[in-house]
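Listed features, source TrEMBL:
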| type | residues | note |
| --- | --- | --- |
| REGION | 1-84 | region 'Domain I, interacts with DnaA modulators' |
| DOMAIN | 150-283 | domain 'AAA+ ATPase' |
| BINDING | G161, G163, K164, T165 | ATP binding site |
| REGION | 338-459 | region 'Domain IV, binds dsDNA' |
| DOMAIN | 368-437 | domain 'Chromosomal replication initiator DnaA C-terminal' |
Amino acid sequence: MTENEQIFWNRVLELAQDHLTQATFEFFVLDAQLIKVENNIAFIYIDRMKELFWEKNLQQVIITAGFEIFNSQINAQYVFESAEINNVTANNSTQQINSFAQQNPTSKEPLPTVQSNLNPKYQFDNFIQGDENKWAKAASIAVANSPGTTYNPLFIWGGPGLGKTHLLNAIGNTVLENNPNARVRYITTENFINEFVTHIRLESMEELKENFRNLDVLLIDDIQSLAKKTLEGTQEEFFNTFNALHANNKQIVLTSDRTPDHLNNLEERLVTRFKWGLTVDITPPDYETRIAILTNKILEQGYPYTFSQDTIEYLAGQFDSNVRDLEGALKDINLVATFKQANVITVDLAAEAIRARKQDAPVINIISIEEIQTQVGKFYGVTTKEIKSTKRNQDIVLARQVAMYLAREMTDNSLPKIGKEFGGRDHSTVLHAYNKIKNIIAQDDSLRIEIETIKNKIK
Ligand code: ADP
Ligand code: MG
């Protein structure tokens with residue numbers, strides 16, 4: 001790289017950093033490389049999936065830096081394969097035009113307006129960023145700022161209470177802020193199914209199709225609820241909706257409590273489509289993030305009392321797997337503090353207020369093996385009977401082993417007793433299952449999070 005190229009590139013990075021949030025910058029820009037600038041074209045090596053983001057958001061940055069350093073208009077040419085780096089020349093590459101930005105629905109009649117169902121409370125501004133959610137947030141911001149053109153679909157997955165619904169709503173709110181005419185709709189999968197059933201009953205499927213296929217942005221929450229066994233036709237309808245929207249570059253964002261690959265209840269063709277875009281996860285917040293979330297929520301609520309710093313630290317230490325619990329704790333405290341007319345929330349007061357919530361935590365032995373089998377079965381879409389059977393299908397074996405693992409971990413029952421509850425198996429089978437799952441979750445985050453999710457349901 002020549003000295004001028006280096007100066008140009010540094011300036012691009014600097015301007016991009018000013019222009020983007022830190023997480024977005026890190027995600028989209030940090031690993032890009034300038035190959036060279038030749039005949040007023042900057043050859044930039046990026047990941048293919050980031051191209052549209054660059055075109056949408058960084059073209060101006062490149063032009064600005066170009067005028068500053070080279071005194072002429074520099075346009076970008078993106079290169080995706082490292083093999084191409086050595087043989088790009090200004091001749092064999094033409095400037096790429098962003099076709100999406102120009103694509104304009106200069107359409108016929110105005111479409112009916114849409115009820116977005118968004119919760120205005122959920123914004124990017126009040127979504128606290130930590131290591132565990134920064135990619136999910138960055139990708140959500142990218143999608144919100146250029147729907148249909150960056151990642152489609154965006155698939156966000158993670159355990160309960162970690163902010164999936166919050167992000168989904170923040171995307172919709174931002175899209176509408178940028179373009180109040182955008183046709184945005186948030187819907188839970190459960191409500192999607194309900195609507196489907198209603199329209200079948202009223203024989204008005206055409207209307208349902210119209211409602212969904214005219215959207216610009218479809219935000220669909222908790223897609224794991226779309227199970228094969230509940231209603232066959234819903235998957236078909238969802239599949240068609242998905243295809244219609246995707247084919248027209250309409251944005252789809254999905255959330256789930258597990259990865260697409262673990263959606264055992266969904267047809268393979270749906271799972272395949274979910275992986276067309278970008279999949280990002282959210283894991284439980286670390287201690288620092290929990291402190292930041294609490295501090296922010298307290299500010300947001302504008303309570304008529306203050307929290308001592310050690311109270312905040314205490315609370316952050318009490319709930320470690322779920323942001324919803326942190327919010328619940330603040331509600332508990334508010335009740336007690338209002339009653340006592342407290343001015344300052346001390347650790348003692350907080351401890352008293354959250355006692356009941358802490359007692360909701362698992363009490364060993366109250367949890368039955370049966371309950372574990374039921375919840376694990378529900379999660380994996382298999383019956384308790386199948387768990388206890390000798391069937392060897394992959395889904396059933398996994399459910400069986402996870403249930404055995406949890407039976408050992410969450411109850412006081414002996415190995416032979418557990419074996420007996422699983423269709424009269426030997427204690428060594430239980431031990432084998434326990435060790436196997438334990439080893440897997442030491443390395444595999446997705447199974448670990450699935451098990452956390454199931455545990456939360458059992459508690
Ligand atoms: P999920 O859909 O993953 O179960 P939610 O989006 O409903 O979780 O989040 C639960 C609660 O926690 C919501 O009130 C949400 O605003 C809050 N929350 C979760 N993550 C964050 C975060 N990073 N910053 C601020 N609030 C958060
Ligand atoms: Mg949710």
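Yeah, the Cβs are placed from backbone N, Cα and C, and that goes for glycine too.
Known features from TrEMBL, placed on the structure.
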residue : record           : contacts (Cβ under 8 Å, 6+ apart)
G161    : ATP binding site : S321, N322, V323, R324, D325
G163    : ATP binding site : F127, N133, A136, I282, V323
K164    : ATP binding site : I156, W157, G158, D221, T255, I282
T165    : ATP binding site : Y122, D221, T255
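According to its DSSP assignment, T165 (ATP binding site) is helical. The predicted model assigns the region 'Domain IV, binds dsDNA' (338-459) a mean pLDDT of 89. For ligand 2, the binding-site residues lying close by, meaning a CB under 6 A from one of its atoms, are K164; the full candidate list was G161, G163, K164.
Listed in sequence order, the residues G158, P160, L162, H166, L167, T255, I282, V323, R324 complete the 8 Å Cβ shell around the ATP site centroid, once G161, G163, K164, T165 themselves are left out.
Each residue in the domain 'AAA+ ATPase' (150-283) gets a DSSP state, and the totals come to 66 helix, 26 strand, 42 coil. Helix, strand and coil content of the domain 'Chromosomal replication initiator DnaA C-terminal' (368-437), in residues and according to DSSP, is 52 helix, 0 strand, 18 coil.
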